[in-house]
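Chemist: The structure's right below; bear with me while I get my questions together.
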Amino acid sequence: MDTLVTKAGELLNSAAAVFDQIVVAGSRLESTLSPAAMNVVKGIMGNDVLSAGFFLMIIGSSYTFFKDLIVGYYNEVQSWFYVSIIVQEGDQLYNWLSDWVAERPLTKSIRHLSVKTVWAENDEDMDYFDDGDEERPKLVYAPGSGSHVLYHMGYKISVSRDSPEQESSEDDDMRNRILKKQSITISTVGWDMSLLKMIVQDAMEKSYKKKAGKTTIYSTQPFDSYWSNSETRAPRAFHSVILAKGLKEELLSDITMFRKSARWYHDRGIPYRRGYLLHGPPGTGKTSFIVALAGHLRMNVCIVNLGISGFNDKQLNQLLNSAPRNSILLMEDVDAALIKRKAGKVQEGENNVTLSGILNSLDGITAQEGSVVFMTTNHIRKLAPALIRPGRCDRKLLFDYADEHQIRGMCLKFLLSRSASGHLTTDPLRKGETEPEEIDPKEQARMDAYDAHVHEVADQVCQKITHKDSVTTAQLQAFFMLHRESPDTIVEAIPGFLKEIARERAALSSKKRLHRQRAEKLKAKRAAEQKKVKEAKEAKIAAGEIVETSEEDDDEGEEEEEAKGAGSESYLDSDYYEESEGSGSSVLSAKKINGASYHDMSFEP
Ligand SMILES: Nc1ncnc2c1ncn2[C@@H]1O[C@H](COP(=O)(O)OP(=O)(O)OP(=O)(O)O)[C@@H](O)[C@H]1O
């Protein structure tokens, strides 16, 4: 009751203060306004309804004014008694600190939570769908937006997050909406920052511990110019990617050598970065290899998808320069964005990555010394020479259709029992990896006999499927997976498998041909229209109706590019099928390394 009376007293005092302010403001108004303006004010005051409205308006604005004043002073005074650290989204620390906060026990005072689903890490021995009951994700709760109180080592820590508001850019275009960055602030009472610094350090250490021995894959979202997503996963085993003989070892030693050559580059004044272009048909292991390589070298992968909407040159530049240390930068399907632009498929503001933007970004990677950039494409012929010139792209490697080494490797990978390692025992890169656990000798003997049989099957497979069949490792993966429980069915299933691939290829080729025909028709139609316009103009000039100008309105080059783009707009991935038709292999020139043939135009600095 006492408190109520006190509060009421405070309220009356405030009202009296506001009233005093109004009286003072009124007398000031009278002295400053001209007589005419004063007459208007008096007119309003003379009218009961208007004067009541005017009075309410003054009360309202005074209330807002005084409230802001009080809150401002309160915040100012309060800030003298606590210390805080603020972290903005976009910095890696934001995620680390968020995880740290999520791991604290939630106090009862926290009434607004955020929740996310987290799946248990893949355990390779786990049979997910074994006993019918579907596995469920874990629900992880964390304090939601707003301010919350947590306890750490007995100290009261206040955590506040601001929620993301969507802001419109100047032209108010929906496509140009930018997400306001979130921030997280931790604060505590006192003048000593050491507790907060300790928390930040702890958050970082915990994150590094979690990531140890794993591959973190960073990516981004439309409109973001920072690495907004990250996923940490068990590294893909390097031996699980099966490439043409010698190619994996060659690439690994190239990168390893590069990573040891910082001084060599500096001494010669060469920018310390290395670019690789992996090209070839879809499903030949380009991405898988890069992810496995990163795991093997204990590096992160930062994936830039140039084809996504809402991504422009500036963002690309910022992203490449802010990649977390020790990362492989991966620009996937590097041709796709540029092809879309040429085909006129991209609207202004939707996707503004330009060739010059990509070139500048690649040249301007300054923040990171020792950058390793990988680009992948299915269409090397469509890339601008400037993009793949040495210095930007130092090694260009063809990931071709499977050769004998890969066909055998894929077959053994899916069929061998785990007792015989389940992996290619000849793979030199497997040295030092964990050996399979000991098993019963009888069981071992049974599995050895089984594996000997699998090796025989692999020999037969290699006689029936050859490089000439233009089969990708992804297709082999699907085929062997289907038969992994019954190797005996494989050999007789091969003709059907090859028939299916040929049928698929023919369908894609004819679709592509159709697109090309359409593009040619379009080009011819435009040329005819242009010719008509030109003839009409010439006729008018001849008749003296208009004067000849030197203005160049001939857009032939552009038209041609557009037509080309239209031809490839569907991006059917069939170029390689067409190239290999008749020849049985890619038409791109091949070079022999370690007895294996793969295309490599290398540049050694
Ligand atoms: N050489 C390979 N060794 C092992 N697995 C492979 C290989 N090539 C493809 N695969 C398997 O096929 C699937 C697709 O492979 P991946 O995405 O790496 O191909 P890609 O060449 O990058 O294709 P795209 O050009 O379409 O991006 C993956 O599941 C991968 O495991």
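Just so it is clear, glycine is given a Cβ too, placed from its N, Cα and C backbone atoms.
So TrEMBL lists these for the protein:
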- 517-540: compositional bias 'Basic and acidic residues' (COMPBIAS)
- 548-562: compositional bias 'Acidic residues' (COMPBIAS)
- 565-574: compositional bias 'Low complexity' (COMPBIAS)
- 57-241: domain 'BCS1 N-terminal' (DOMAIN)
- 272-403: domain 'AAA+ ATPase' (DOMAIN)
- 508-605: region 'Disordered' (REGION)
Chemist: On the DSSP side of things, how many residues of the compositional bias 'Basic and acidic residues' (517-540) fall into helix, strand and coil, could you say?
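Modeler: DSSP composition of the compositional bias 'Basic and acidic residues' (517-540): 24 helix, 0 strand, 0 coil.
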Chemist: Taking every residue in the domain 'BCS1 N-terminal' (57-241), what is their average pLDDT?
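Modeler: Averaged over the domain 'BCS1 N-terminal' (57-241), the predicted model reaches a pLDDT of 78.
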Chemist: Please spell out the DSSP helix, strand and coil residue counts for the domain 'AAA+ ATPase' (272-403).
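Modeler: Counting residues by DSSP class gives 41 helix, 34 strand, 57 coil.
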